[in-house]
């Protein structure tokens, strides 16, 4: 694949219960979770030695933003490392609660909706060239993003006035605009706020906020890998059939409610097309595009998975993908549970199981139990994930940030960092500006570290 910088930001749902009853407010739980972070970082917004950012977002949601990655498998490992880092905080917070005589179980969920109907996100970031026509990228990408829940939705049991229904996407019900500069108030599909975290004359950061949080490593690979291929094609001038949607927001909900992928949505020109039709167009262009290049095992893996997922949905044979694609894995899980206990989808125990799928605590979370039983496929392994908790990607700017943080902490020096700045808080206030996210070696940073 053409080299690109990408990253994933994940907000986690949080609650604390004691014998099944809510014990603490989300604000209080978040404070306990981040107490260890604040004790060494003097803030609930910190960068870690693996290059990532960990912070408390609006509404008491812990958020983890991966370091800059330029490889899909690397990104999957760093996304999963975020779960492990937060799990460590969870264990520490439960210990503090017990020490204070409060007691209770803390739950962190990698999902997108809570029982009160609030939504929180999983945002993808893709670096694109400033020179490109951003409006064209958004126009061509929008139908792809609206329909890609078919291939990478997390699945959700939605309670409606007509009863419970199983949907492809958790996030679809909470998106209110196609393209916008806001993220929380209006929840668009693509966020246009121009914060490149890089040289603004050369780069722009495409901020996609429509995606579901994925438990499956394979689904994350397909989500980012397919979007990356579509971006690459747009940048290289590949022409697509015009699938501009008449009403993207209505379409995203209608598609989420149809597991067959065959329900048609209205296009801007008056015609209609199904989610399968639209996804198939992007997939077939991608197959042609990749065939013209030198062999690329990762792109070929993404294409094989993408094509097989579309074929499985078209044939309504989910057994072809129910070890890899989140919504299909969860669908299989819930169907088996329903059959075993003779209950319908509206039973509260189904809602509990739906939620437990996203519990990141190993040994308790349902997805983790499926993984331990060998019932889901993987991209990475536990060793790679463990390494990613402390080691930044070695081929991007994240290495400079991570190395600086590790060295400054070891030397006991006070420092401040963000995505582009590395600063020693001494009399000289020495600061290095790192504007190139592709650059993993920088003599200025080496000198700054040597001066510690």
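Even glycines carry a Cβ here, placed using N, Cα and C.
Noted in Swiss-Prot for the protein shown:
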type: ACT_SITE; residues: 57; note: active site, proton acceptor
type: BINDING; residues: 9, 55, 63; note: Mg(2+) binding site
type: BINDING; residues: 53, 66, 419; note: ATP binding site
Additional residues surrounding ATP, by Cβ distance to the 53, 66, 419 centre under 8 Å: 7, 9, 47, 51, 52, 65, 67, 68, 398
Number of Cβ atoms other than its own within 10 Å, given for residue 419 (ATP binding site): 21
Neighbours of 9, 55, 63 excl. site residues, C-beta within 8 Å of centre, Mg(2+): 10, 11, 53, 54, 57, 62, 64, 65
Candidate nearest residue 9 (Mg(2+) binding site) in space, where candidates are the binding-site residues 53, 66, 419 and distance is Cα-Cα: 66
Neighbourhood of residue 55 (Mg(2+) binding site) by C-beta distance under 8 A, where only residues 6 or more apart in the same chain count: 44, 45, 46, 62, 63, 65
Residue 66 (ATP binding site) to residue 57 (active site, proton acceptor) - Cα separation in whole Å: 15
Cβ packing number for residue 66 (ATP binding site), 10 Å threshold: 28
Distance from residue 419 (ATP binding site) back to the residue listed as 'active site, proton acceptor', taken between C-alpha atoms, in Å: 17
Cβ neighbour count within 10 Å of residue 63 (Mg(2+) binding site): 20
For ATP: widest Cα to Cα gap among 53, 66, 419 in Å: 11
